[in-house]
């Protein structure tokens, strides 16, 4: 580092030697564009940074600091005040980035397409070296782009910065995450906003503290402390010279919107003239001259001219000027010294857009006809047109072969010069020979052959060359330079009329017509000879200069009988077409044209002459006086103060009357529209039956005409069609009703929707509070289904946007309402097929409705085929039988319902995120299911798991799901645990209220439809107190650690459910007395003895607030018959019994548990108990929990036979509510001991709080739970299986194979299946759903 110190000292001395240059102007340095790519090691990278940015103030480009070591001294960066591009800091090891003076990052270039500041991976995994602090204390403006700061293990105080005060673009993305954790707090004077822990590290706020009158930054909170509009990054005063940085350009310390222009308006000459004080834009600075390696393009300094301009030198200034056509392009020719000997198909494309040929052009027979020896194909004659752009050939032109159908060389019609710097053979610069079909030369623009001889011979059809005066073309002596022979004789050409046009002069011509003349006899216009110009008539009017016709200026008025102009300028017109400004004809008078002292404004008088406005007019005028100024208040002269006051009062009265009348008219129209909307939305139509014997159905839907519907915009698209937002304009009405229009098309084209089918009428007859009612349908080539427009959108978007404002009460009620809506569809025989959170809409924040039901049945069967390649196919929501066999039933909808509830409980997470659609069925076959959401207890999660059972017959029905979620919704904190995270300085408060009634009214307004859907309370007769109370229920939340969260995979969205080892280790730790929480995976199979864990968990969901006594579920294998199992078998009834167990109402009589929209209220009795508020189990009497022997005999359980046993003694009352908590079901531990046990163990109930008011009809929790040990326990009890010696269940013996059966065991329905083979697949045939292969051939049914 001594060498580095020496270099820094030398650099400092050099900077001091520059003296005033550094002090009086900004030190500008170039940036880099390397990204994360670097050359050399860290030492080389440091030296490069030092050379680029030492004493630099403005970085013209990007500031990239990558792979710099921990001992690098970066103090030389402290002078940087502005970066025009982006700032990249990545993979460094230094502790502090010293940019204390950086104020503005302009973001003219952004990293990764969207970030102006990108800071990432600044740490060393093998040491403690890492970036710990960004010293950007003066940064107050990012003009374009966002911020990305991630994965910096030691970087602190990034989340204490108000980035919205710095970033100008409100839509810019700001990502700040995964940085330092153990950081000191901000100093108290910083008020929570700082770059570091010291008092000098406070963030400077320049936007959020400003008064509303300020458009941008400010230097104080008062209205008179706003910064100038051209300021960026703050200011110290209101002037444009007080800015810390400029928004656009800095002109000698003043911030201006543009630099002084190169042309200004001269009021004396009425012309734009060069500005002696012009400056050019160089980055964000106005400079008097561009750097030597830049060129001037209009008002800017650029590195190179754009494609349509060329670089020229004017008075020592390099400038870009328009090319006036093709820009000059030089191309290499053919012949000696070149890579090519002739023009052929291999090099013809290299002459595109060439204006100058450096060398020669040879056209030989091997080029046109091809060269088989070199495998060069024949040349396409049409490609010879590329030479239309050639103006000069520096060498010679040699044409010895030409396409037979081309009779001239008009492809060289723009050729003006043949240089002759290199000559062919005996000194020829133009050689044309043996072209048998050529009749004329066609070199109409050729003016000069600088050197060399001309050889034209053996062209049997060539004429017109006899007339040429070659002395006008050849430069220098002409003696012995012409060798023209053996062409067509002159007399033959004259005899056939192949002579020059009469308009040609005596100089001759290159071919027929007035456009081939070497010179004209009279006038020429655009290279064509004419008899006269359009002096007095014709369009456009012209003047002549050196016998060539030119058009007058467009602003000249065409004259009759006299000349319109005498030159090309606007000051040469005899009369102006529009206005005259001084001597010049203009299209309009100057309006805001920049002059030497500011903008110039003029107005036209009666003669259309432009006259200057009054000097105080700033926005134009219509006359010369002050009162003629535009945008200014007229001064009333001669009016008394009394008259003025009366006029003002009268005007105010008229205005108020007009406003009052307008309001009353608007209110009347509003009420009228509201009533009309209700009439149309609530009224149905009766469809007459086709068969007179049938009874007419009340169909709520209408049959629309296409003229009544108007689509406004596309809301989205799905598997079966596209959804539009639109309006319904009833025929004969003027109201516009907002609706959703779903367009369904048959992609195969085999079906049209001209006829109204029974299924369409069935959909239209459905009406329920929790389904979106079909307003009508419009048949045609594509079917249009019309529903009411719900502006709150889908439930999926709502939970994602308001996840911090959703409580357990609302989530569980949504589950109830979706289940009720689906149960209504089930009662009416309607299978949804596409149930998901995106297809559930919000009518209000407390009421949801199921949408898009019955759509799939409108399409032909082939259109319902599922393709994994289709991204819109809802594979992740579909049941396995639907994926594999296309089987859709109400029970397949139950599977989708479970996924939908999972979406709600994860606040809109994507199921199976990161998996391709084709991988999902294989994953489900292996027994994997979606992971338990963090907010769900095992009760809620097991309801989801039951919805995902492979056998559709043992899934719950929607009626049972509605009852189950209704029961949970009466005590929400018991089943959902939502943690409220508090930010810095924010205390945790009660559950947010969501959208207020006022916001709901604003959401329902449709300004583009001129429609207001809200009326006063006496018009609506709808109370809004229900919604308010539902959203403002004070629900307690639990902040408890969850021991099972280590198994969740947030990246993938599902939980692996076959981790048997975890369960075994958990059991071992439980037996050994450890209270440490173990993860408990949920696996459907494989499990011991061929039993599915999902089967063993059927019916084992906690069903009431008083469930305390646990039942250990014994899993067993069940062989099924080949036919589908009826819904009335024992297992099914046992499951239904557990789900339909009535809940004893605890609320006082007379209190409603649901509102008019089906919103379930929390049980007031439960909410009155402390345990309920804390989310623990309800306190009940012990006798109520244990029950009596008679009650035990009447209870029926699934997959187990329970013996009667005596009630254990009363447990002690817990000392505090902290001893109570949620418990997870242990389904991952080894069950082999319990399955083979013949003894019983007493079940130890969790300590409870007695409550004499609880009824004894309570369900049970199916959990394996042990009494806590003496050590400190966690919030969740460790639930391991009971030892084999203590199981309280009957002996369950394994089924032996043939010849090994126990004599006393008989099974009437037992059918032995074949053993499992390696080639078997779970879905080889549809019979899989009604049978199962056991791992062992001698497995016994239990």
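Note that Cβ sites are derived from N, Cα and C of the backbone, with glycine treated the same way.
It should be emphasised that the depicted structure is a prediction, and the values quoted were computed from it without experimental measurement.
Listed in Swiss-Prot for this protein:
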COMPBIAS  1042-1077  compositional bias 'Polar residues'
COMPBIAS  1097-1110  compositional bias 'Basic and acidic residues'
COMPBIAS  1175-1187  compositional bias 'Low complexity'
CARBOHYD  126  N-linked glycosylation site
CARBOHYD  250  N-linked glycosylation site
CARBOHYD  353  N-linked glycosylation site
CARBOHYD  408  N-linked glycosylation site
CARBOHYD  414  N-linked glycosylation site
CARBOHYD  437  N-linked glycosylation site
CARBOHYD  469  N-linked glycosylation site
CARBOHYD  522  N-linked glycosylation site
CARBOHYD  566  N-linked glycosylation site
CARBOHYD  616  N-linked glycosylation site
REGION    1037-1081  region 'Disordered'
REGION    1093-1193  region 'Disordered'
SIGNAL    1-19  signal peptide
(Q) Of 126, 414, 437, 469, which is closest to residue 566 (N-linked glycosylation site) if I measure between C-alpha atoms? They're all glycosylation sites. (A) 414
Q. Taking 126, 437, 469, 616 as the glycosylation sites to compare, which has the smallest set of other Cβ atoms within 10 Å?
A. 126
Q | Packing count at residue 522 (N-linked glycosylation site) (other Cβ atoms within 10 Å of its Cβ) | A | 13
(Q) Measuring Cα to Cα, how many Å separate residue 126 (N-linked glycosylation site) from residue 250 (N-linked glycosylation site)? (A) 47
Q: Report the same-chain neighbours of residue 353 (N-linked glycosylation site): residues 6+ apart in sequence with Cβ closer than 8 Å to its Cβ, ordered by sequence.
A: 326, 329, 389
Q. For residue 408 (N-linked glycosylation site), which of these glycosylation sites sit within 10 Å, Cα to Cα: 250, 414, 437, 522, 616?
A. 437
**Q.** Cα-to-Cα gap, residue 469 (N-linked glycosylation site) vs residue 522 (N-linked glycosylation site), nearest whole Å
**A.** 18
Q: Which residue among the glycosylation sites 250, 408, 414, 566 has the fewest other Cβ atoms within 10 Å of its Cβ, if you could check?
A: 566
Q | Separation of alpha carbons, residue 250 (N-linked glycosylation site) and residue 616 (N-linked glycosylation site) (Å) | A | 28
Q. Given the glycosylation sites 250, 414, 522, which one's Cα is the least distant from that of residue 437 (N-linked glycosylation site)?
A. 414
Q: Calculate the distance in Å between the alpha carbons (Cα) of residue 414 (N-linked glycosylation site) and residue 250 (N-linked glycosylation site), and round it to a whole number.
A: 48
Q | Structural state of residue 250 (N-linked glycosylation site), classified by DSSP into three states | A | strand
